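Peer 1: Pulled these from TrEMBL:
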| type | residues | note |
| --- | --- | --- |
| TRANSMEM | 20-39 | transmembrane segment |
| TRANSMEM | 51-74 | transmembrane segment |
| TRANSMEM | 94-112 | transmembrane segment |
| TRANSMEM | 132-152 | transmembrane segment |
| TRANSMEM | 186-209 | transmembrane segment |
| TRANSMEM | 238-259 | transmembrane segment |
| TRANSMEM | 265-288 | transmembrane segment |
């Protein structure tokens, strides 16, 4: 079958391919470094376990998303062979929500581990955080799997006006009749995005408040300015983390709004940022982890 690709489609494929492969390399690096350390019988701490699962979910998410985007632009009719489309929607939903919720788990972990509050419940969480992390990750995986199954079921029910129409990189671009089956899908996606985003916001706010209070105490006690500067850098790091998550959340919401806008510049910008986020954020996580940063500096010229 010959493809009928527009200049817009070719440009989109070229840019997202560059971003996707760069992001896959960054996350593959995280996976390899942590797995090598694990094989060498060096037990991974809780943050490294979260980073390992996050790297795996982002690598798989970028891989599946790139293949789906490539087929939907270059050979769109291949997606309408049952159950290719349904499986693509399932794996995309599963890995996307794994990515979102494991990222939120990492932010919650940092908040509980670093922040200092005298609340009894918070102290309990701080003491038992290493035992709580596996359950958080298991819960994230189960919820993502449940949403993936629901997304598969929803994808199996739509009535298309024309199954041979050209899809510009998204399941909803196939001139789908927006009947009652699609409202649960939008609600489900919105719930997943909002839940992870709220977890990140609360964690970042609590952590920033704790760091700010600690900074004030150090200034009151006339402690060394070096410690104050270190905490200011930590606050800047958390702020950048929150800003990136905020932009990503806005893009996820806008994607739900512009799902039927084929060839739109806004859609293009949304797609570009969504493929940029997993790689850039993982790169920030590498430089915030001494083990990963040391391994990266070794292989760089």
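Backbone N, Cα and C atoms are what each Cβ position is placed from, and that goes for glycine too.
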Peer 1: Mark yes when the transmembrane segment (94-112) and the transmembrane segment (20-39) have three or more Cβ pairs under 8 Å (sequence separation 6 or more) and no when they do not.
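Peer 2: These two segments do not touch.
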Peer 1: State the residues, same chain only, that lie 6 or more residues beyond the ends of the transmembrane segment (51-74) and have a CB under 8 A from a CB inside it; answer 'none' if no residue qualifies.
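Peer 2: Sequence-distant neighbours of the transmembrane segment (51-74): 3, 5, 9, 12-13, 16-17, 20-21, 23-24, 27-28, 30-31, 34-35, 38, 44, 88, 91-92, 95-96, 98-99, 102-103, 106, 137, 167-171, 173, 271, 275, 278-279, 282, 285, 289, 292.
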Peer 1: In terms of Cβ proximity under 8 Å, which residues at least six beyond the ends of the transmembrane segment (265-288) contact it?
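Peer 2: Answer is 8, 12, 15-16, 19-20, 22-27, 29-30, 51, 54-55, 58, 61-62, 65-66, 69, 99, 103, 106, 168-169, 237, 240-241, 244, 247-248, 251-252, 254-255, 258, 296.
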